[in-house]
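For reference, the structure is listed below as structure tokens.
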Amino acid sequence: MAGGGGVVIARGGREYAGRLTPFVLATCIVAAMGGLIFGYDIGISGGVTSMPSFLSKFFPSVYRKQQEESTTNQYCQYNSQTLTMFTSSLYLAALASSLVASTITRKFGRKLSMLFGGLLFFAGALVNGFAKAVWMLILGRLLLGFGIGFANQAVPLYLSEMAPCKYRGAFNNGFQLSITVGILMANVLNYFFAKIKGGWGWRLSLGGAMVPALIITIGSLILPDTPNSMIERNQHDEAKEKLKKIRGVEDVDEEFNDLVNASIASKKVEDPWRKLLQRKYRPHLSMAILIPFFQQFTGINVIMFYAPVLFNTIGFGNNASLMSAVITGLVNASATLVSICRVDKWGRRKLFLEGGAQMFVCQIVVAVCIAVKFGVDGNPGVLPQWYAILVVFFICVYVAGFAWSWGPLGWLVPSEIFPLEIRSAAQSLNVAVNMVFTFVVAQIFLTMLCHLKFGLFIFFAVFVVVMSAFVYFFLPETRGIPIEEMSQVWRRHWYWSRFVIDDCANGDVEMGKANGSSTIV
């Protein structure tokens with residue numbers, strides 16, 4: 001049922017022949033592991049920046065501020081633009097590489113982009129593990145960013161194109177599960193590596209990124225390419241045989257013909273970036289920009305990038321803050337499984353809205369808890385254990401809300417709504433916007449914490465209200481719609497139909513004629 005102007009599309013549309021095969025299950029699991037590199041980096045950076053040995057070597061001013069007994073303002077002890085540049089520089093590189101990855105992904109296939117992502121991430125991990133100066137850290141972060149840009153461009157597209165539409169949400173959310181597993185792995189390793197005598201454990205934390213890099217590199221070499229990508233490169237016979245293997249049936253003519261027609265239409269597009277600006281793609285352009293923008297302003301990166309720093313700030317010791325980050329990482333991974341199991345039954349909108357309400361309540365509660373104990377001067381005095389546990393509990397509930405809503409769906413929805421002719425360009429824009437605002441949040445968070453204090457959580461809570469309203473009014477349900485027939489969700493929407501109805505209707509008539517039918521779906 002539609003609510004407040006949103007449109008819920010029933011499981012109509014065409015049902016292609018096929019079933020869930022072991023082959024497609026295995027390939028999607030391997031491909032989804034591309035998220036490990038992104039997750040590992042998110043988790044590892046916050047952990048090493050809370051290690052005294054790492055701070056004293058690369059950021060001595062922050063280390064001195066942290067160690068000074070006269071420093072009582074907990075809000076500002078980590079306020080350093082150099083420190084935040086270490087974390088956020090990666091996302092500028094990811095932004096640049098995601099734009100380049102669009103062309104590579106379209107012309108040479110999804111596999112090659114994943115391979116480049118793995119190799120570049122491996123190189124960055126190697127440089128960071130042997131870093132002797134800040135410039136080496138930044139160089140390593142840039143290489144990591146280039147790798148993430150390629151992987152985040154290719155993996156969601158690969159999953160959306162390989163999965164049967166009935167299970168597309170679950171398979172695509174495997175990418176987010178992989179991200180959360182990477183975060184959890186990083187948090188666990190940080191906790192144990194921080195205990196190594198001599199204070200060199202941070203090298204193992206940073207260098208350990210080579211392991212997930214090898215996973216995606218090897219995986220990209222053994223994975224088959226998607227039929228969509230093969231058709232784009234005129235490998236029609238191979239694509240049809242691959243589609244039969246993926247779907248587990250011989251009768252794939254209907255789906256194959258739709259893919260061929262979509263490819264023919266896409267090849268007429270000389271400049272997909274300019275095409276993306278056309279009026280009929282207004283909803284696609286809006287979603288490619290607003291969904292990743294809102295995803296970053298949920299405030300999740302405040303928790304995931306800087307979880308150990310944040311917990312240290314609110315009164316935990318170094319080891320306790322690292323353990324708290326492990327707990328939130330475990331909650332994040334576990335809650336993502338809820339989304340995988342339910343997204344194709346409950347739909348995207350319901351999860352978006354429930355998760356938004358849950359995050360809003362938790363952010364307000366955490367803001368109140370910190371305000372009561374820390375005030376505006378940032379001096380909490382002695383922080384009772386039960387009070388710290390209460391804060392961690394509500395942060396975990398907040399993380400769970402994100403993990404089954406805006407976390408996985410922020411990647412799923414954009415990757416499944418773009419028609420083939422603009423798919424690579426639109427996905428690149430989606431990744432680029434994600435990285436821009438990931439960079440912005442990472443770069444300004446510690447300064448905002450110093451100046452806004454507990455109000456930082458209220459700041460993000462306001463954004464959660466805005467983005468939930470956006471979903472309620474402007475995001476149609478995409479559950480169960482074949483990826484090449486997604487245009488129908490826009491034609492039936494109360495607002496977006498004014499942009500797409502004429503063009504899409506004509507397009508469907510042409511496609512119907514190409515298939516020997518004039519039926520408009």
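Cβ atoms are placed via backbone N, Cα and C, with glycine included.
Given the structure is predicted, the values throughout are model-derived calculations rather than measurements.
Per TrEMBL, these features apply:
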type	residues	note
TRANSMEM	20-40	transmembrane segment
DOMAIN	27-479	domain 'Major facilitator superfamily (MFS) profile'
TRANSMEM	88-105	transmembrane segment
TRANSMEM	112-131	transmembrane segment
TRANSMEM	137-159	transmembrane segment
TRANSMEM	171-194	transmembrane segment
TRANSMEM	200-223	transmembrane segment
TRANSMEM	285-308	transmembrane segment
TRANSMEM	320-340	transmembrane segment
TRANSMEM	352-374	transmembrane segment
TRANSMEM	386-407	transmembrane segment
TRANSMEM	428-448	transmembrane segment
TRANSMEM	454-475	transmembrane segment
Criterion met for the transmembrane segment (88-105) and the transmembrane segment (112-131) (at least three Cβ pairs under 8 Å): yes
Same-chain residues at least 6 beyond the ends of the transmembrane segment (112-131) whose Cβ lies under 8 Å from its Cβ atoms: 31, 34, 37, 58, 97, 101, 104-105, 137, 139-155, 158, 203-204, 206-210, 212-221, 223
Segment confidence, the domain 'Major facilitator superfamily (MFS) profile' (27-479), expressed as mean pLDDT: 84
Criterion met for the transmembrane segment (428-448) and the transmembrane segment (320-340) (at least three Cβ pairs under 8 Å): no
Chain residues in Cβ proximity to the transmembrane segment (454-475) (below 8 Å; excluding those fewer than six residues from its ends, i.e. six or more beyond): 3-6, 286-287, 290, 294, 297-299, 302, 348-349, 352-353, 356-357, 359-360, 363-364, 366-368, 370-371, 374, 406, 413, 445, 448, 493, 495-496
Highest-contact recorded stretch vs the transmembrane segment (137-159), from 20-40, 200-223, 320-340, 352-374, 386-407, CB pairs under 8 Å: 20-40
